[in-house]
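Colleague: I'd like to ask you about the structure that follows.
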Amino acid sequence: MAASMARGGVSARVLLQAARGTWWNRPGGTSGSGEGVALGTTRKFQATGSRPAGEEDAGGPERPGDVVNVVFVDRSGQRIPVSGRVGDNVLHLAQRHGVDLEGACEASLACSTCHVYVSEDHLDLLPPPEEREDDMLDMAPLLQENSRLGCQIVLTPELEGAEFTLPKITRNFYVDGHVPKPH
């Protein structure tokens, strides 16, 4: 219920009131029975048009323009064509299609195990890497000019036909050997 209310732009105050069963109406955050002065400011919860990267809706894309076809090239050189949606990130897309792209930090920008090489024709279509991504790429083995982290590449219509090649090796710095399950 809260999610559907949030999509409609329900104020935070109303959601808190519903959850607590009281109306917050007095300065200082004390509750009352509906008497007193209501808070003068409200904040609205609103859903954006995008969805979290990597999530897949059961209904599939709504418009043909939402589909982005890309190719993964695995460590053995096998080409794996997949279809994603605008807003997906490359790490989650690869995992969803069984491509062996690790993502040890679960897309939190704390490792370089989702390191990929981006096809030269599409590299300039990506925004430049932020400093945190560059820091993680510095730890990636076999770094090249077209290296990026898959968790930081978000599919756009311009990436139609892009190729993401997995390097021959990756380095997982997790001490305890934890390997997360793909989302």
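Quick reminder: no glycine exception, Cβ is built from N, Cα and C everywhere.
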Colleague: Which one of 24-44, 45-65 shows up in Swiss-Prot as region 'Disordered'?
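Modeller: Range annotated as region 'Disordered' by Swiss-Prot: 45-65.
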Colleague: How many neighbouring Cβ atoms, not counting its own, are there within 10 Å of the Cβ of CYS111 ([2Fe-2S] cluster binding site)?
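Modeller: 23, counting other Cβ atoms within 10 Å of CYS111 ([2Fe-2S] cluster binding site).
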Colleague: Under the DSSP assignment, what numbers of helix, strand and coil residues are found in the domain '2Fe-2S ferredoxin-type' (68-170)?
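Modeller: Split by secondary structure, the domain '2Fe-2S ferredoxin-type' (68-170) comes out as 24 helix, 25 strand, 54 coil.
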Colleague: Taking the recorded [2Fe-2S] cluster site as CYS105, CYS111, CYS114, CYS151, identify the other residues of that chain whose CB atom sits within 8 Å of the mean position of the site's CB atoms, giving them in sequence order.
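Modeller: Residues close to the [2Fe-2S] cluster site, other than CYS105, CYS111, CYS114, CYS151: LEU91, GLU102, GLY103, ALA104, GLU106, ALA107, SER108, LEU109, ALA110, SER112, THR113, MET136, LEU149, GLY150.
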Colleague: Would you count the other C-beta atoms found within 10 angstroms of the C-beta of CYS114 ([2Fe-2S] cluster binding site) for me?
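Modeller: For CYS114 ([2Fe-2S] cluster binding site), the 10 Å Cβ neighbour count is 30.
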Colleague: Can you tell which of CYS105, CYS151 has the most other C-beta atoms within 10 Å, given these are the binding-site residues?
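Modeller: For the binding-site residues CYS105, CYS151, the Cβ with the most other Cβ atoms within 10 Å is CYS151.
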